[in-house]
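What follows is one structure encoded as structure tokens, with my remarks underneath.
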Amino acid sequence: MQPYSPNWTHVTEFVMVGFVGVHEARLLFFTLFLTMYLFTLVENLAIILVVALNHRLRRPMYFFLTHLSCLEIWYTSVTVPKMLAGFIGVGGGKNISYAGCLSQLFIFTFLGATECFLLAAMAYDRYVAICMPLRYGALVSWGTCIRLAAACWLGGLLTPILPIYLMSQLTFCGPNVIDHFFCDASPLLALSCSDVTLKETTDFLVSLVVLLASSTVISVSYGNIVWTLLHIRSAAERRKAFSTCVAHLTVVSLFYGTLFFMYVRTKVASSINFNKVVSVFYSIVTPMLNPLIYSLRNKEVKGALGRVFSFRSWGGQ
């Protein structure tokens, strides 16, 4: 919190400094993050296209994967293009209005919370499919899938309402420099001239509820899945299934570990540069890895991709 001054004026625009100290290597960082962003867009769009065109993939698991792919496209697009513009100084890339900053924070929080709920729904789907295959059709019907997906998006939408309302009630009287590459809550609170205790406590509690609720569902689901897999007689099938589970849990652990570190705490962060590195993992790296882990390693998806693109190549000849 900034100290009060009788000469303060309301801030109408913020400046995001991004990654300080990389000026000489800014084109390298720009190329790296642009490549990661484009790769994320291409792989997620490919999944959406393949599932839409292949009737064999119109099953609950791929229904949730399509939602996850749509979400990842929007999730990265909220922050990465603005960050890239800041690297090369295009169109006032480092500047963002007060309203634009709060809007970015709202959408980023909404999509981040929705992803947590979607990952939990996907874990439950895999739990029923592996642990209760005979009841899968009854427990995970299309009606259930639609309700689960709607609940994920609605829960995500409701998550940032109170935190953003409280943020909008704070006074920002200068300086207006955000030491981050997007409008996150912690660096914004550091600029406020108001008492941020209530806002910090609310952020902590909301983050704790979202992360604990969704991670508990994921942990219980995969715990039961692992227990079931231990009883598979075929060693080859057991190794294959464990390989898939380990890949899923690795990317989920990376996502949740960084989110817990960043948001389940009551004090404004002091190590800003380290926080930026952590933020890169949950805002850029995991959205890039999710399609690879959940979809593109899947034989059905790879086969469908091959058929789609071979058909289009043949059709273009």
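Glycine too: its Cβ is placed from the backbone N, Cα and C atoms.
According to TrEMBL, the domain 'G-protein coupled receptors family 1 profile' annotation covers 43-294. As a whole-number mean, the pLDDT of the domain 'G-protein coupled receptors family 1 profile' (43-294) in this prediction is 89.
For 27-53 (among others), the entry in TrEMBL reads transmembrane segment.
The feature transmembrane segment is assigned by TrEMBL to 96-124 (among others). Within its own chain, the transmembrane segment (96-124) has Cβ neighbours under 8 Å at 11-16, 61, 64-65, 67-68, 71-72, 74-75, 78-79, 82, 148-149, 151-153, 155-157, 159-160, 163-164, 167-168, 172, 178, 182-185, 188, 210-211, 213-215, 217-218, 221-222, 252, 255-256, 259, 282-283, 294, counting only residues six or more beyond its boundaries.
The transmembrane segment feature in TrEMBL is assigned to 136-158 (among others).
Summarising the annotation, TrEMBL assigns transmembrane segment to 204-230 (among others).
The transmembrane segment annotation in TrEMBL covers 242-264 (among others). Through the fold, the transmembrane segment (242-264) approaches residues 112, 115-116, 119, 126, 184-186, 203-204, 207-208, 211, 215, 218, 222, 225-226, 229, 275, 278-279, 281-282, 285-286, 289-290, 293-294, 297 of its own chain, all at least 6 residues removed from its boundaries and within a Cβ separation under 8 Å.
Per TrEMBL, transmembrane segment is recorded for 276-296 (among others). The list of residues near the transmembrane segment (276-296) in space but at least 6 beyond its ends in sequence, with Cβ under 8 angstroms from a Cβ of it, reads 19, 33, 36-37, 39-40, 43-44, 46-47, 65, 68-69, 72, 75-76, 79-80, 108, 112, 122, 180-182, 184, 247-248, 250-251, 254-255, 258-259, 261-262, 302, 305.
Outside the transmembrane segment (27-53), and at least 6 residues removed from its termini, the chain residues within Cβ reach (under 8 Å) are 19, 62-63, 65-66, 69-70, 72-73, 76, 80-81, 83-84, 87-88, 284-285, 287-288, 291-292, 295-296, 301, 304-305, 308. Beyond its flanks by at least six residues, the transmembrane segment (136-158) meets 60, 63-64, 67, 110-118, 120-121, 124-125, 128-129, 210 of its own chain at Cβ-Cβ distances under 8 Å.
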